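Engineer: Can you keep this structure in mind? I'll have questions shortly.
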Amino acid sequence: MESLPEAVLIRILASIPAVDLVLACRLVCCQWKNLVDGAALWILKCQQEGLTGTESEENAENWQNFYFLSKKRRNLIKNPCGEEDLQHWGDVHNGGDGWKIEELPGDFGKEFPSEGVHKYFVTSYEWCRKSQVIDLRAEGYWEELMDTTQMPQKARRSDAGCLYELYVKLLSENEDVLAEYKTETIAIPQDNDANWTEISHTFSNYGPGVRFICFEHGGQDTLFWKGWYGVRVTNSSVTVEPYKSSFLSPEHGNQSCAACSYFLCISSPQCTTAISGADHHYA
């Protein structure tokens, strides 16, 4: 092995599973450690697995972290569309007649713009809230990765008006708030077009120590009608992605919502949490 050209050795190592590279191959000798810690091996693995190809990835500062974050990229919100009733949602506050899960499009509603979303949560005539706390270590993000890589984290009816609020916090080991994002109370007027509206936010440059993400949202109707005429929300999402300069461009910021249904994504510009017009919108 010592006689192999480095380029050949990199190609051999690139065929080994990434976890084995870090936990086993890196410990073999100084040469292998340097190769596993270097960029060339991880750039090759990213190319082999289709994880490169856009100009934003050219600015990835640490290709090993970029590889692992790209492989782990997924929605960390469980039960985002109500397919499991209120399972996985905590601190549920059922104002009025409480939360209800309905089938799309619902009364006076519209189909969701993305395939695979068939249900939504709807609020009542008093404030309804629900939240999830995401344990990043339990989701496979180890401490060194979280602390050395500033991963962008984003946090996405026409017969009655409604109100909506979204609150996302990045928490430390002791659940101290390291960064937070909260919308103002968003008012969707009566007789709106019931289109789904997207809300998104990206956290960046928030420093080390993040271990949990708390996602909370809720709303109510504005006419205090008995039943479920408040904001409709579905397809909420929280994602953690590798650093990309495009996430920090001046054009990218808080997306305003229009109508009353939302989906939130803590991580990619195409985030999704929806709330709409008398009941939902998509963000």
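Cβ coordinates are placed from backbone N, Cα and C, and glycine is handled just like the others.
Sharing the record's features from TrEMBL:
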- 1-45: domain 'F-box' (DOMAIN)
- 66-242: domain 'FBA' (DOMAIN)
- 1-24: signal peptide (SIGNAL)
Engineer: May I ask for the residues of the chain that lie six or more residues beyond the domain 'F-box' (1-45) and have a Cβ under 8 Å from a Cβ within it?
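Structural biologist: Residues 51-52, 63-64, 66-68, 71.
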Engineer: Taking all residues of the domain 'F-box' (1-45) together, what is their mean pLDDT?
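Structural biologist: Overall, the domain 'F-box' (1-45) comes to a mean pLDDT of 91.
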Engineer: Count the residues of the domain 'F-box' (1-45) that DSSP assigns to helix (H, G, I), to strand (E, B) and to coil, and report the three numbers in that order.
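Structural biologist: When I sort the residues of the domain 'F-box' (1-45) into the three classes, I find 33 helix, 0 strand, 12 coil.
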